[in-house]
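Visitor: I am attaching a structure below and will ask some questions about it afterwards.
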Amino acid sequence: MSLQMVSTVSNSSLLQPGFSLLNFDGHVCFFGQKGWPKRSCPTGVFLLDIKQNELKMKPAFFSKDSCYLPPLRYPAVCALRSHARADEYQYIIHGGKTPNNDLSDKIYFMSLVSKTSKKMTFQCIEKDLGGDVPEARYGHTINVVHSKGKSISVLFGGRSYTPLAQRTTEKWNSVVDCLPSVYLIDFEFGCCTSYILPELQDGLSFHVSVARDDTIYILGGHSLQNNTRSPNLYKLKIDLPLGSPAVTCTILPGGVSVSSAIVTQISDTEFVLVGGYHSDNQKRLVCNTIVLEDNKIEIVESVSPEWTPDIKHCRMWFGCDMGKGSVLLGIPGANKQLIPDANYFYILRCKGAEEDKEEESITQICSQTSSEDPGDSTPFEDSEEFCFSAEANSFDVDDADTYNEDDEEDESETGYWITCCASCNIDINTWVPFYSTELNKPAMILCSSGAGHWVHAQCMDLSETMLLRLSEANVKYFCNEHVDLNKGLQTPQKVVCLKKQPMKPLRKKKTMKLSTSTKKSFLRRLFE
């Protein structure tokens, strides 16, 4: 094995844990970027160009009849080969997380429709299913098996959000293991059937699955319910007679307790198991060779590469199978780097130079890793990595066509996950709803200082009652940092003096003066 460091050019922040690599005719296709696509690459799909230990990214295009494909992280990905021509195939993509942390339950088919030296065009089609449709999830696997001249896809494992009826405000975005059901999906007829097997008691996610002919081997994986990494090795055998399919499961000895591992194929019957975690606080630096022969599996420890000190001492690692015995590995960059979210990348080649020939096999591999970002977990926790396929072949592209994310405006300045103030503690990976009105985004309010800027209501210590009043009232709001400044600069309002109306003086009562004769006449009449 050989380990070689590669440098990225102006786009390493897109390569984050949870991405996938697809191999179309020897070209590496990157899928599952961090954040929503930008104008320079609206598809969110890139072609990787590796030359002279430099990794560059070129935007890919979709045909006009393609559906929209969101940037999904940690989906289940598998190659489906054509019966007519072995060199024609398409990829199945199911589930995964969107940049808003929403889970997808959709299934997409992605295929290559045209390619030139400067442009590659793909077609993406969404498939509709009926029957026992799998719920939205991530960290699961999907494989294709072949039996008696027929093919069918098999989906297993993963995690999902807590059902709506069981959610609370404090644990709104909590995840749980999906039920350990095995789903058989027939894309020809668009139907899906689930099977419950007594051997599969606990849900698993971020496991490794290797499929050959009519058999799938499931290795490792993490169970949230028990907080364990299963040492069991499961053998799923799928029989496809003329009637209903038959699914059986056998527990075999010789498994490996690991999660978040990567599998790469080095020959028709040999695979190499790389990376992953022994436990929440311990990476797995040991490599294993998996041999599939005569309907049997053998797992033996192999010689590990000379890991660099950075890899040995890093908190987490992530990556993906590049095909033909190569693996792309990433580790977090140093905090002193000028570019935020930048990572260091290595290419691990598990085969010698003399063995690096193009090999085609109907064997399919699919590996998954943990779902949680580093901020969600304790050190060395599963790091939401690895799907599979692709190869590090270079292709001729002009540097002028290479994607440069510096040409784009930073979406972090205008999104919900900005750093709104010096004391902001809102993080996309650890945030949970605080107000009853929140669902999958934090509540924000506009500060009217200057040109105006958005701040998180939770960071401003606003009560829910006050937030509702401010949202309903037509008044200006100033954040904690600008409220004092606004008071100092505000022109005092002119006090309008009320004019007092003068009171009218009281009129004196007029008295009548009577003559003496009149008085005598009055008295005379009074006593008569």
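In case you wondered, yes, glycine gets a Cβ from its N, Cα and C as well.
What TrEMBL records for this protein is below:
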DOMAIN    415-492  domain 'Recombination activating protein 2 PHD'
BINDING   CYS420, CYS424, CYS447, HIS453, HIS456, CYS459, CYS479, HIS482  Zn(2+) binding site
Visitor: With DSSP as the yardstick, break the domain 'Recombination activating protein 2 PHD' (415-492) down into helix, strand and coil residue counts.
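Guide: Helix (H, G, I), strand (E, B), coil: 16 helix, 8 strand, 54 coil.
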Visitor: Under 8 Å Cβ to Cβ from CYS447 (Zn(2+) binding site), same chain, six or more residues apart: give me those in sequence order, or none if nothing qualifies.
Guide: HIS453, TRP454, VAL455, TYR477, PHE478, CYS479, HIS482
Visitor: Pop the mean pLDDT for the domain 'Recombination activating protein 2 PHD' (415-492) in here, whole number is fine.
Guide: 77
Visitor: What same-chain residues, at least 6 away in sequence, bring their CB to under 8 Å of the CB of CYS420 (Zn(2+) binding site)?
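Guide: Residues satisfying the criterion: ILE426, MET444, HIS453, TRP454, VAL455, HIS456, CYS459, CYS479.
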Visitor: Which one is it: of the binding-site residues CYS424, CYS459, CYS479, which Cβ has the fewest other Cβ atoms within 10 Å in this structure?
Guide: CYS424
Visitor: Around the Zn(2+) site formed by CYS420, CYS424, CYS447, HIS453, HIS456, CYS459, CYS479, HIS482, which additional residues qualify by having Cβ within 8 Å of the site's Cβ center?
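Guide: Same chain, not in CYS420, CYS424, CYS447, HIS453, HIS456, CYS459, CYS479, HIS482, Cβ within 8 Å: CYS421, ILE445, TRP454, VAL455, MET460, ASN480, GLU481.
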Visitor: When you tally the Cβ atoms that lie within 10 Å of each candidate's Cβ, which of the binding-site residues (HIS453, HIS456, HIS482) has the highest tally?
Guide: HIS456
